Amino acid sequence: MFQLLRRAHGLCMPSSLYFSRLVNRSLLSKSPTLAKIVHAQLLEAGFVRTTYWGNRCLQLYFKSGSVINALQLFDDIPDKNTITWNVCLKGLFKNGYLNNALDLFDEMPERDVVSWNTMISGLVSCGFHEYGIRVFFDMQRWEIRPTEFTFSILASLVTCVRHGEQIHGNAICSGVSRYNLVVWNSVMDMYRRLGVFDYALSVFLTMEDRDVVSWNCLILSCSDSGNKEVALDQFWLMREMEIQPDEYTVSMVVSICSDLRELSKGKQALALCIKMGFLSNSIVLGAGIDMFSKCNRLDDSVKLFRELEKWDSVLCNSMIGSYSWHCCGEDALRLFILAMTQSVRPDKFTFSSVLSSMNAVMLDHGADVHSLVIKLGFDLDTAVATSLMEMYFKTGSVDLAMGVFAKTDGKDLIFWNTVIMGLARNSRAVESLAIFNQLLMNQSLKPDRVTLMGILVACCYAGFVNEGIQIFSSMEKAHGVNPGNEHYACIIELLCRVGMINEAKDIADKIPFEPSSHIWEPILCASLDLGDTRLAETVAKTMLESEPKSSFPYLVLIKIYEMTWRWENSVKLRYAMNEHKLKSAQGSSKISIESSVFSFEADQLQIHGGHDTCALLDLLSWDSFDQKIHWSA
């Protein structure tokens, strides 16, 4: 092979330039065989014993994964310099030889800043973040001055504010320029990840120069800290300062508009995407689909998706998630199947969305998706397992859900919350309490407000008054969670179910914040059941004051007024309902026939074959009537 190369170049003995080009091309190929051939040629030319060519050949072996050959060559290099040791250290880390790398670092006769940076980045790449930080502190004890690369690595792995402050202080003491975008962007993003918004903002304000990455980090910091309106303000300020946004910027802004249900501003951001040519980016398009969906414009989401020339997993996930958000399980499943026919491979987000969209009449389809989950190896993923359990609980298949629970390792808090709530809603209160007790024994997880809501629901459905009151009373003291509207509503419903209506009203009257109408609903229903129209009227009026656009208190008051012959008040309320365009909630049912799901609402004929069905019922009624006449005769 190399004889041909020599002839092509007209060379009898290759030059240093020839070998330099050859090594560079061989590094791109990553071929172990080619690495050996190049090494042999260097030996033949007498170059390999020089430190420079030994180092280059060492790089070649490590790049091709030939670690044994690399270590043999390392031992053969007579005059090793710091670069030789650094190349070997980096190569060992890159190929996963962690213990060898640690031993080599200890043996190094001299370490420069590159050696320390390689050690830190190597430990980080192997997942040993804490050790990486310790090495940084050791580096300081050896009085090695860190570089901007050191700080950017460290900022990406810090997990506590104290360490973050130390690294920030070291960057200042090391004289890092305020114009250094790499370091200060990394420090700002570090504070964002740690949830210290004020610190991230202070870094941004002290920077002498800012680029689009700086602004992106600021916008994301505002959004993550819950200041989404402020995040949008920063985006428009960025535009005023003529900083050109990138695709990541606009995707963030569209997502923020989605969370705020700001349709008009979201449309402006999408218009900017069109102007800047960002609509070819899947993440931007996915954010747009999600934004329209959450702003109750599902038709626009579908329209945007249908205009796509090519599908990928990000876009399909967004559309399936939109269908799931609007409880369109059939459409989500149909798109899921169609995406696979278009060679779009589902991922964990796809499965989570499509499983979450399935309703109580889609058990057979859910079982099919579960089989595919197992086949593709996603059954071990906690998020997918959570969605599987949620689907089975919704369809009433508690045993199948608990089978998923038993087989899943690495359960997170969302997983535990799902099983507690699922058991509660399927009238398995005793099992729900048992799972809750298992969670309490887990040292790494602590119940949150969702967990406690689930266990209160279990007590409510089962009528466990003592257990419910005990859990509710200990929320703040034992678990550090202040009861919210949903917790008060649940404990009040529990008391009302067992006839303790006065105790329930006492709790409602002592709520330390403005209660929602959901808190008063159980008391209202219980007072109606007991025939206490005076209390029912008082509660209904209270609900009407807090939520004037809810139809339920209107209907209750109308019923009370008609029962007590107060027709004038009843007419006034009916007029007010019409004026506010309020309607009573419609009951609905669903039925699955083969591969289709049909939805039926009360007083609605706009269903599949609705008028034909009613005509057939009329004929059957007449036929039945004729039969009765015939038999009576």
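Each residue, glycine too, has its Cβ placed from N, Cα and C.
Look at Swiss-Prot and you will find 1-30 tagged as transit peptide, backed by sequence analysis.
Marked as repeat 'PPR 1' by Swiss-Prot: 50-80. Remark: secondary structure over the repeat 'PPR 1' (50-80) totals 23 helix, 0 strand, 8 coil, with classes taken from DSSP.
Same-chain residues lying 6+ beyond the ends of the repeat 'PPR 2' (81-111) with a Cβ under 8 Å from its Cβ atoms: 51, 54-55, 58-59, 61-63, 65, 67, 70-71, 74, 118-119, 121-122, 125-126, 142, 144. The repeat 'PPR 2' annotation in Swiss-Prot covers 81-111.
Residues of the same chain lying 6 or more positions beyond the ends of the repeat 'PPR 3' (112-146) and with a Cβ under 8 Å from any Cβ of it are 82, 85-86, 89-90, 92-94, 96, 98, 101, 105, 153-154, 156-159, 163, 167, 170, 174. The repeat 'PPR 3' annotation in Swiss-Prot covers 112-146.
For the repeat 'PPR 5' (180-210), the residues of the chain that approach it from at least six positions outside its boundaries are 148, 151-152, 155-156, 158-161, 164, 167-168, 171, 217-218, 220-222, 224-225, 227, 243, judged by C-beta separation under 8 angstroms. Taken from Swiss-Prot, the feature repeat 'PPR 5' applies to 180-210.
If you look up Swiss-Prot, you'll see 211-245 marked as repeat 'PPR 6'. Helix first, then strand, then coil: DSSP counts for the repeat 'PPR 6' (211-245) stand at 26 helix, 0 strand, 9 coil.
Look at Swiss-Prot and you will find 281-311 tagged as repeat 'PPR 8'. Non-local neighbours of the repeat 'PPR 8' (281-311) in the same chain are 247-248, 250-251, 254-255, 257-259, 261-263, 266, 270, 273, 317-319, 321-323, 325-326, 328, 339, 342, 344; each lies 6+ residues outside the stretch with a CB under 8 Å from one of its CB atoms.
In the predicted model, the repeat 'PPR 9' (312-346) has a mean pLDDT of 92. As annotated by Swiss-Prot, repeat 'PPR 9' applies to 312-346.
Below 8 angstroms of C-beta separation, residues 313, 316-317, 320-321, 323-324, 327-330, 332-333, 336, 339, 386-388, 390-392, 394-397, 404, 407-409, 590-592, 597 of the same chain, each at least six residues beyond the ends of the repeat 'PPR 10' (347-380), sit close to that stretch. The repeat 'PPR 10' annotation in Swiss-Prot covers 347-380.
Within the chain carrying the repeat 'PPR 11' (381-411), a Cβ under 8 angstroms from the stretch's Cβ atoms is held by residues 348-349, 351-353, 355-356, 358-363, 366, 370, 373, 418-419, 421-423, 425-426, 428, all 6 or more beyond its ends. Under the heading repeat 'PPR 11', Swiss-Prot lists 381-411.
Listed by sequence, the residues of this chain that lie at least six past the ends of the repeat 'PPR 12' (412-447) yet keep a Cβ under 8 A from its Cβ atoms are 382-383, 385-386, 389-390, 392-393, 396, 398, 401-402, 405, 453-455, 457-459, 461-462, 464, 467, 479-481. Swiss-Prot lists 412-447 with the feature repeat 'PPR 12'.
Per DSSP, the repeat 'PPR 13' (448-483) is made up of 28 helix, 0 strand, 8 coil. According to Swiss-Prot, the feature repeat 'PPR 13' maps to 448-483.
Residues or ranges marked as repeat 'PPR 14' by Swiss-Prot: 484-514. Here the repeat 'PPR 14' (484-514) has Cβ contacts under 8 Å with residues 449, 452-453, 456-457, 459-460, 463-465, 468-469, 472, 475, 520-523, 525-527, 530, 532, 535, 546 of the same chain, all six or more residues outside its ends.
Residues or ranges marked as region 'Type E motif' in Swiss-Prot: 519-594. Applying DSSP to the region 'Type E motif' (519-594) sorts its residues as follows: 51 helix, 6 strand, 19 coil.
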